[in-house]
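Everything below concerns the one structure shown next.
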């Protein structure tokens with residue numbers, strides 16, 4: 001029975017190697033607001049062109065101005 005499980009495990013690892021799974025460290029930053037749209041902060045109504053940052057609503061506009 002154990003040898004059958006070993007063969008099954010070996011076949012599974014050959015078909016789906018663990019290196020094919022991306023780990024959390026390999027993932028880009030998860031910013032759903034940025035993924036949902038083609039984001040350009042310069043087009044945001046909160047973007048301050050003089051300071052080159054967003055003055056309000058830092059949840060959707062990045063980079064956020066320090067207060």
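Cβ atoms here come from the backbone N, Cα and C positions, even for glycine.
Worth saying up front: this structure is predicted, and the values here are computed from it rather than measured.
According to Swiss-Prot, the signal peptide annotation covers 1-20.
All protein chains considered, the CB of residue 65 (disulfide bond) has 15 other CB atoms within 10 Å. Per Swiss-Prot, disulfide bond is recorded for 53-65 (among others).
The feature disulfide bond is assigned by Swiss-Prot to 54-61 (among others), with similarity to another entry given as support.
Summarising the annotation, Swiss-Prot assigns disulfide bond to 58-64 (among others) and lists similarity to another entry as the type of evidence. Cβ neighbours of residue 64 (disulfide bond) (same chain, under 8 Å, six or more residues apart in sequence): 53, 54, 58.
DSSP assigns residue 63 (4-hydroxyproline) to coil in the three-state reduction, outside any helix or strand. Other C-beta atoms found within 10 angstroms of the C-beta of residue 63 (4-hydroxyproline) number 12, with every protein chain shown included. According to Swiss-Prot, the 4-hydroxyproline annotation covers 63.
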| note | Mapped onto three states, the DSSP assignment of residue 53 (disulfide bond) reads strand
